[in-house]
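Below are the structure tokens for one structure; questions will follow.
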Amino acid sequence: MANYLRWTVGQAQALFEKPLLDLLFEAQQIHRQHFDPRQVQVSTLLSIKTGACPEDCKYCPQSSRYKTGLESERLMQVEQVLESAKKAKAAGSTRFCMGAAWKNPHERDMPYLEKMVEGVKAMGMETCMTLGTLDKQQAHRLADAGLDYYNHNLDTSPEFYGSIITTRSYQERLDTLSEVRDAGIKVCSGGIVGLGETVRDRAGLLVQLANLPKPPESVPINMLVKVKGTPLENNDDVDAFEFIRTIAVARIMMPTSYVRLSAGREQMNEQTQAMCFMAGANSIFYGCKLLTTPNPEEDKDLQLFRKLGLNPQQTATQHGDRAQQQVLTEQLLHSDSLPEDSVQFYNAAH
């Protein structure tokens, strides 16, 4: 295994304190050493089981503990999920992420989850799931089905974590990431900016991620979307430059990871998103109308790509093909009509 730089919170905090333009310059230099700066990986997210989650994550409208008006739904049928995946591929996404609002999957659900992974893989798309805590057997079963990525965010620093979540320990999250990695599945893990954390907490989160035995292949950075009925509905807005700093520091600390703009993009203007790409972000959730939090519509994403000279990255899976790249290229040139989104699309990053 490659040797990765071990970071301290002090070192990470020093990056946050750099003059912004110096920080962006360093992040962009590092980004160009490892990635094509014009390529952006695009994913679509689907809620396969919505609401009624027993967890108490203070930011999440899917928790059964808060009255947010969200209607809970049972686990979707495999056929419904695959139909949504077809629409996502037709719209140009190269990775299909499936999220379920529960603490952990039950044994009765595993055969359906495996079929979902197998079906999406057969379409030539990368697969990702976020299902909560996994044990060793579950991780290996999903790996055998062909799962490419597993998302399980750390959310914030270990020190601040207990102020946001009490129903799942920080160590439990780290243990799940370890089981996923040991099963041969790529790790997707990041956090949220705007929970009420300090800059030191942001530094602490990124240190936890960067100092994993191997840094996550994908690091989603979310901006808190304040939902009425959740305990954080009245939190202060996140300063755009502070969010951009977080993207830049993540890029510097994890040079080979994809850094994803996740929840909260609807709150960002084009200039903020452009600076995030400049800071090293190179992945987005594309064209999904998120179930519990809004996300820019497909045509807006495509128009922004065109303005910035960005290109959607082609996937490389066992069953991959060039059709996805061609579809996106055509849409960038002629973004007049796009497939309808399912109302099931949402941000399941947590």
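The backbone N, Cα and C atoms fix where each Cβ goes, and this holds for glycine too.
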Per Swiss-Prot, which one of Cys128, Cys276 shares the [2Fe-2S] cluster site with Cys97, Cys188, Arg260?
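The candidate from Cys128, Cys276 that Swiss-Prot ties to [2Fe-2S] cluster along with Cys97, Cys188, Arg260 is Cys128.
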For each of the binding-site residues (Cys53, Cys97), count the other CB atoms lying within 10 A of its CB, then report the residue with the highest count.
Cys97
Suppose we draw a 10 Å sphere around the Cβ of Cys60 ([4Fe-4S] cluster binding site). How many other Cβ atoms does it contain, all chains included?
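Cys60 ([4Fe-4S] cluster binding site): 25 neighbouring Cβ atoms within 10 Å.
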